[in-house]
Every structure is written in structure tokens, then in C-alpha cells.
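Just below is one structure, and these are the notes that go with it.
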Amino acid sequence: MEVVILPGSKQIGALAADAIEALLRRKPDAVLGLATGSSPLPVYDELARRHGQAGLDFSRVQAFALDEYVGLEPGHPQSYREVIRREFTDRVNIAPGNVHHPDGSAADIPAACQAYEDAIKAAGGVDLQLLGIGTDGHIGFNEPGSSLASRTRIKSLIEQTRRDNARFFTNIHDVPHHVLTQGLGTIMDARHVILIATGAQKAQAVRDFVEGPVAAICAASVLQMHPHVTVLVDEAAASSLRLADYYRHTYDSKPAWQGL
């Protein structure tokens, strides 16, 4: 796990975009894993800028969303299908048919979850997965207590997560109680994971998952077992890390040829 401490969101967005651009140069038909929430927005903004100004090409890319609310129609403005479309995919030249989402409106939820797992596998797996992290250490919607080997499934949202997400809705009562989410085992199958965290409110979660024990109480801690994880944090989110000086030193001392 590589921890990179940066001044702010702009620098985080640029560095994550560098990694994605390098991937697309090597592999134009790469498979991206897309997250929602505020954390990946600087990355999407920077990728859209590079597409518009420098022609960064997404025409052969496939993308898989991490999660989707259960019970929201696909066109609902806060469905993750619509959020990802507005915030990213409509701003680049990725084919709409190449952007995949769990089907939160399916009549047969278990079958929809298995179909999503099958689609990821058929695409060759995710090359690079973007993640944020919740204040309780959740990734995707794998809340505390989630199985570290879990696959795509339905999950109930805890009240803290519903409160965190209420800012995207009229009020907390409009936030659904259930989601479909890629499991921790599904996320761990991605070849490269980039997790982004900003702000002091994420500092404890960052410390817990980077430097704490691997345990279901902090779902993101499973990433300690992944062979290629990059953690991009601002100074505020890094403020509780005991080894912050070490992380700064190792990043500053990296060979110029070594990317993320």
C-alpha cells in the first residue's frame, strides 16, 4: 500500500488522472471501476479536461460502477447511473453501452447481483478501481461488519451513511435504505485500486484502514491485503497517521520512472 499525502483535491485529482491516462495509453480498452460521492470529482474533472483539451480517448474503455440504490428508477437524479453520467461519462467519449451499473430496480435482486459479477468477469476484470471511504471506513457500501470475501449483493444502509448521503437528497427520509454494492472480494479483484480521502472528517477512517488491524469493523482495512493500492490523501485526512513522515519520505524518494 502506497500512501501519498498531497496539499489538496486539485493535486489529488491530477495524480489519479495521471495514473488513469497512463493506463489508457498502455491499454486503450481498459476497464475502469467508477465511484460516486465527492472524493472522485476532482479526478473526473481532470479527465474531462484532458479529453477536451488533449484528446484523451475513452472510446474503447468499459466502466463498472461500484453500487446503486435499490428502488430508485434509473432516471432518478440521485441514482448512481445518473450521477456518474452527469459527473463523468457524458463529459468524455465513452460509449454509453460500455458503462455498466448494478440493477437496483431488478425484480430478482440475487440474479441481478450475479449478472453483475458475471459482466465484470466477462470484461476481463477491473484494471483500475477508484474508491472513496466513509467516515466509518466503508468502501462501496460495504458497511462495518461486512464479510471481507463478499461479492456483489444487497446491503442495508446504516443510519450514519444515510445521514452522510442526505446532502444529495431533499432530506434524509428520501435516502433509500438499501443498495446493491460490489463486495469487498469483488473490489479486491481489481488489479489497481486508488482510494481518495480528503478532509479532517476522514482522518480517523484513514488511520484505521491504513495502520489499524485488518478487521470487518473497518471494511477498507481489507485493502492492506491487496498487492497494488494507492491511497491519495490531503493533509487534513492524513492528520492522524502515525507514519505520515515516512509516507512523505518514501513518495519524495521514488524513482522518476516509477508511477503509481
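Heads up, the Cβ atoms here are built off N, Cα and C, so glycines get one too.
According to Swiss-Prot, the protein carries these features:
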ACT_SITE  Asp67  active site, proton acceptor
ACT_SITE  Asp136  active site, for ring-opening step
ACT_SITE  His138  active site, proton acceptor
ACT_SITE  Glu143  active site, for ring-opening step
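Here the features listed in Swiss-Prot are placed on the structure.
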residue: Asp67; record: active site, proton acceptor; Cβ contacts under 8 Å, 6 or more apart: Thr36, Tyr80, Pro102, Gly140, Phe141, Val179, Leu180, Thr181, Gln182
residue: Asp136; record: active site, for ring-opening step; Cβ contacts under 8 Å, 6 or more apart: Glu143, Pro144, Ile158, Gln160, Thr161, Ala205, Cys218
residue: His138; record: active site, proton acceptor; Cβ contacts under 8 Å, 6 or more apart: Pro144, Ser146, Thr161, Ala219, Ala220
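In the three-state DSSP scheme, Asp67 (active site, proton acceptor) is classed as strand. Over all protein chains present, the Cβ of Glu143 (active site, for ring-opening step) has 21 other Cβ atoms lying within 10 Å.
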